[in-house]
Amino acid sequence: MPLRIVFLGSPAFAVAPLERLVADARYQVVGVVTQPDRPAGRGRASVATPVKQAALRLGVPVLTPETLRDPAAVAELAALRPDVGVVAAYGEILRRDVLAIPPLGYVNIHPSLLPLYRGPSPVAGAILNGDAETGVTIMLIDAKMDSGPILAQRTVPLPPDARTGPLTQELFTIGADVLVETLDAYARGAITPQPQDHARATFTKLLTRDDGIIDWTQPAVRIERMTRAYDPWPGATTMWRGAPLKIIAARVIADRCADVPPGTLIDTADGPAVATGNGLLALITVQPAGKRPLPAADWRRGLRLSGGERLGDASARLSGGEAVH
């Protein structure tokens, strides 16, 4: 008989694992649990999560509880009689009563090489640190965050131009491939879960808008990584003439720069560039507040510069916060 699976996930990159499970005859997805519909867009119309939309298309029953702390939601989940749960960025930490429902527990897809980068923003963390490789981990969930035993891992190179959005999608697609083979082997007892080396653990945080504020006293290398690590959220942002300016793409063009204060806008043979605490950062694509992204050279042509104008105010703060993944 097929393995009975309940799938918990919400964002677009969690759709690939769901589709792979539904298409595999070894598995029966008996239900999907996802976040409730939320208002979105300018009209604030109620919008289902990408996982809910996929589940309805695939003909899988869907549960959308406000929280799995609700006893009624826990009872609905238990009524599905799953053998195992699969979690892919569901959006809520599972409590012990939920963890106890499937006999085989819950298998999680985590987009890092655990124990590195536990927590909610592992892809951004790897990019920001300039790692040469990253990967995906298939693991069992326990009561602590991303600390459970490992079933399988897949390592992939981390390209120097990687951005969090596309890389997250790629890792979950790879994770879907690893998952469908690992899950069957785990259910048959052919895999022995391996405990993590907790002494090697590193952690990531829930990102807020403030994390994306550029401090131009930082090295150019780190600021360039910010433009990729914080795409799509929260973005790498600075202030220019009293309004936010998002730096979408940039390139380090010098290890050192002229003797000008960090944040100073400079014209170079490579186009507009900004002095940093260590190096010169050429701007490639920017997005002024309320406008579409445009080449930085076009943005610069529209400016009348007075000498020594500077970008940024590292003490500025923006409101709000949300998770990357």
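Quick reminder: no glycine exception, Cβ is built from N, Cα and C everywhere.
Taken from Swiss-Prot, the feature (6S)-5,6,7,8-tetrahydrofolate binding site covers Ser112, Leu113, Leu114, Pro115.
Just so you know, of the binding-site residues Leu113, Leu114, the Cβ with the fewest other Cβ atoms around it within 10 Å is the one at Leu113.
Pro115 ((6S)-5,6,7,8-tetrahydrofolate binding site) has a Cβ environment of 20 other Cβ atoms inside 10 Å. Sequence-distant contacts (6 or more apart, same chain, Cβ under 8 Å) of Ser112 ((6S)-5,6,7,8-tetrahydrofolate binding site) comprise Arg118, Pro122, Val123, Gly125, Ala126, Thr134, Gly135, Val136, Thr137. Sequence-ordered, the extra residues of this chain that approach the (6S)-5,6,7,8-tetrahydrofolate site, with Cβ no more than 8 Å from the Cβ center of Ser112, Leu113, Leu114, Pro115, are His110, Leu116, Tyr117, Arg118, Pro122, Gly135, Thr137, Asp146, Gln153, Gln196.
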